[in-house]
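These notes concern the structure reproduced below.
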């Protein structure tokens, strides 16, 4: 069966839900897709809630581990929505997920207010450069006291303000459960609130200015074999555009290879080209499954080079932010998380600097054990034992 062509008629925006594990991110994602399906059925597929909440680990512990990608349209825009994992153990996915957002919906239960993970996600959103956050105050059907809701709202605004986000952002009172279930009390009211939330998303989260004119680059998130066709890599195009049948280089981790992209798909639809912001799958000619891996990038030939030695400027998280409890010294060996993967590196502090304390802003040299496609300005997280302990950017490439 011939696949539908993907039509680029409306502005495309990547958003996601972030926040504490039991506050209803996945239920809200399902409610948004249901309400929009009912309002604009010709452009919005119907998603089953279980499709969004489908990680196998989930049934046992009720926590979202994987990232669900769904798409929907409002009158003004086309959205790709990621439902981000909510648990601290899965911060690594949070980093790859949050890096995919032009804006985020922070879900906070009115019954609980902001929790530790709420704070961690807002901090992470700041670190990975999510430009705007607005708030869905969920479970409002379970709180009778308006004053209590106002207090929680104020607390959320303070939290955003502390992390460099706009405290005057839209805060929409919702009940994801009430909107999702036709037989819930006040169902119509909660459906209207979801519409109000999406109006706020349309108006408040700016249409991203994608770097279309820069050379093509796509970080590889996943690699598949499609029998009879070959190797497909998936990811979100970071910049530039790529017509089908173009040559690309596979850069990082291993020696650079050149290949041709023979097919481009997004959300199971064929495309003639992909561009910055698209979540896409690219079929690579003559490349085996074991020749390519997550953490590499596909790039326009000659546009980016692999490096192991650089200087970085880093903010080191405090203990309260979930960072280290003690200082580190030269020869400290954490992981450096670039785009989609961790690579171990050795830190060399500058002369005259004996140690770096939690809460410090520091500049130091790094030598990675594997090369990464790197440019000045590239951001990374410093991680240790599964926890983010620092956030930085490459200031100078050495070799």
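Cβ coordinates are placed from backbone N, Cα and C, and glycine is handled just like the others.
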19-26, 27-34, 35-42 - the range that Swiss-Prot marks as region 'G1': 19-26
Where Swiss-Prot places region 'G3' among the ranges 75-78, 79-82, 83-86, 87-90: 83-86
Helix, strand and coil counts within the region 'G4' (138-141) (DSSP): 2 helix, 1 strand, 1 coil
Distance [Cα-Cα, Å, rounded] between residue 26 (Mg(2+) binding site) and residue 19 (GTP binding site): 10
Where residue 25 (GTP binding site) falls in three-state DSSP terms: helix
CB contacts for residue 19 (GTP binding site) [other CB atoms within 10 A, all chains]: 29
